[in-house]
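Per Swiss-Prot, the features are as follows:
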- Cys120: active site, proton donor (ACT_SITE)
- Lys22, Asn23: phosphoenolpyruvate binding site (BINDING)
- Arg96, Arg125, Pro126, Val127, Asp128, Gln129, Asp312, Ile334: UDP-N-acetyl-alpha-D-glucosamine binding site (BINDING)
- Cys120: 2-(S-cysteinyl)pyruvic acid O-phosphothioketal (MOD_RES)
Amino acid sequence: MDKLRMVGGTPLKGEVVIAGAKNAALPILCACLLTDQPVVLRNVPDLQDVRTMLKLLQEIGVTIDFPSAGDRSYMVLNAAVIKSSEATYEMVKTMRASILVLGPLLARMHSAKVSLPGGCAIGARPVDQHIKGLKAMGATIKIKSGYIQAETKPQSDRLKGASILTDMITVTGTENLLMAATLASGTTVLENAAREPEVGDLAELLVKMGAKISGIGSDRLVIEGVDKLHGAEHSVIPDRIEAGTFLCAVVATGGEITVKHCRPDTLDAVIVKLKEAGLQTEIGPDWIKASMQGRPKAVNFRTSEYPAFPTDMQAQLMTVNAIAAGSSMITETIFENRFMHVQELNRLGADIAIEGNTAIAQGVEKLSGAIVMATDLRASASLVIAGLAAQGETQVDRIYHLDRGYDRMEQKLTLLGANIERIK
């Protein structure tokens with residue numbers, strides 16, 4: 001099993017190019033199921049989760065071509081022939097985003113059988129809002145033997161437009177219902193919709209495919225169903241979480257980096273907090289020049305839905321707070337059980353206590369290298385940042401979590417001067 005070994009204490013310096021957004025690529029890949037024509041995608045990140053999704057789509061019947069040898073960011077997907085409407089447990093257990101095939105399969109094939117999802121062990125993340133919305137659109141749904149079995153009755157019928165108010169803001173729920181609604185008969189209104197940029201990116205692709213969607217970027221999406229969608233070309237938006245992770249790394253280690261091919265306008269909440277911590281920034285349309293001198297200042301923050309501070313950046317900024325001057329309170333409102341990295345940070349010498357959904361960090365001057373274990377995707381990134389800032393050698397085990405969401409992270413850090421390597 002791969003591990004990352006690093007020796008901390010080197011300020012980061014140089015340029016880093018951000019990959020496409022994992023959380024946009026996964027629903028966008030599923031959107032190809034809505035049409036029998038080719039969909040051309042660019043800037044798709046080469047991540048374990050993406051490879052898992054591509055394998056699932058191939059099992060369903062999608063053909064996938066990579067026109068440029070050695071370039072997995074550019075692909076052509078063709079779902080002309082759907083040979084199965086099932087996503088098996090073996091495929092879904094490793095990645096909960098597999099649930100995103102449910103809406104497209106139900107909309108186009110009028111039936112779908114999808115295993116209840118797996119993925120990161122950071123909370124229940126139930127799919128009840130997906131089911132509630134699809135039922136409102138006329139689907140008959142049963143949970144049987146660990147599978148969601150959905151169909152329209154009679155099976156030749158399309159889904160029907162409906163007004164849907166979800167009980168909570170759900171990103172994958174919004175995406176599933178949005179995709180399903182594009183081929184429904186009539187108009188669907190999604191109230192309390194997620195406003196994340198990745199949802200907007202999916203909607204932009206669907207519009208290119210012939211969908212009629214208004215309210216993109218707002219919490220109220222109106223979708224006028226069409227009979228058929230066609231092929232399209234689309235480039236996935238840059239990954240704001242990867243960009244934010246590198247910004248946190250330079251705050252923790254010091255130095256000066258330029259984050260290229262990013263979308264600064266999607267990072268407002270993160271940049272505000274990092275500036276509070278002491279980061280100096282110069283921002284262009286698709287780049288951020290970031291420099292840090294001295295010890296960071298502790299910052300309080302609270303996670304919430306976009307445009308507020310993202311839960312996927314909580315662990316990384318907590319690492320900054322672990323070595324900051326002062327004490328801080330970090331409140332997690334999105335997922336329960338998302339403080340599993342705290343125990344590992346404390347192994348490195350951090351002083352962090354948990355009270356309910358709040359972590360209280362007393363900043364220490366230095367962390368000391370140790371062997372630590374990644375517990376989920378973003379926790380693994382936080383431990384890498386901690387290792388880069390710590391004195392001595394740190395080893396992060398179970399790095400497969402990191403590979404699910406970061407494209408060649410250790411190679412990018414090496415180019416910035418970090419002393420880091422992947423070992424077996």
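Just so you know, glycine gets a Cβ as well, placed from its N, Cα and C.
On the structure: features taken from Swiss-Prot.
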residue: Lys22; record: phosphoenolpyruvate binding site; contacts (Cβ under 8 Å, 6+ apart): Pro45, Leu47, Asp49, Val50, Asp239, Ile241, Arg404, Gly405
residue: Asn23; record: phosphoenolpyruvate binding site; contacts (Cβ under 8 Å, 6+ apart): Val171, Glu196, Glu198, Asp239, Ile241, Asp312
residue: Pro126; record: UDP-N-acetyl-alpha-D-glucosamine binding site; contacts (Cβ under 8 Å, 6+ apart): none
residue: Val127; record: UDP-N-acetyl-alpha-D-glucosamine binding site; contacts (Cβ under 8 Å, 6+ apart): Ile99, Leu116, Pro117, Ile148, Thr172, Gly173
residue: Asp128; record: UDP-N-acetyl-alpha-D-glucosamine binding site; contacts (Cβ under 8 Å, 6+ apart): none
residue: Gln129; record: UDP-N-acetyl-alpha-D-glucosamine binding site; contacts (Cβ under 8 Å, 6+ apart): Thr166, Asp167, Met168, Thr170, Gly173
residue: Ile334; record: UDP-N-acetyl-alpha-D-glucosamine binding site; contacts (Cβ under 8 Å, 6+ apart): Thr303, Ser304, Glu305, Thr311
- Minimal Cβ count within 10 Å, across the binding-site residues Arg96, Asp312, points to Arg96
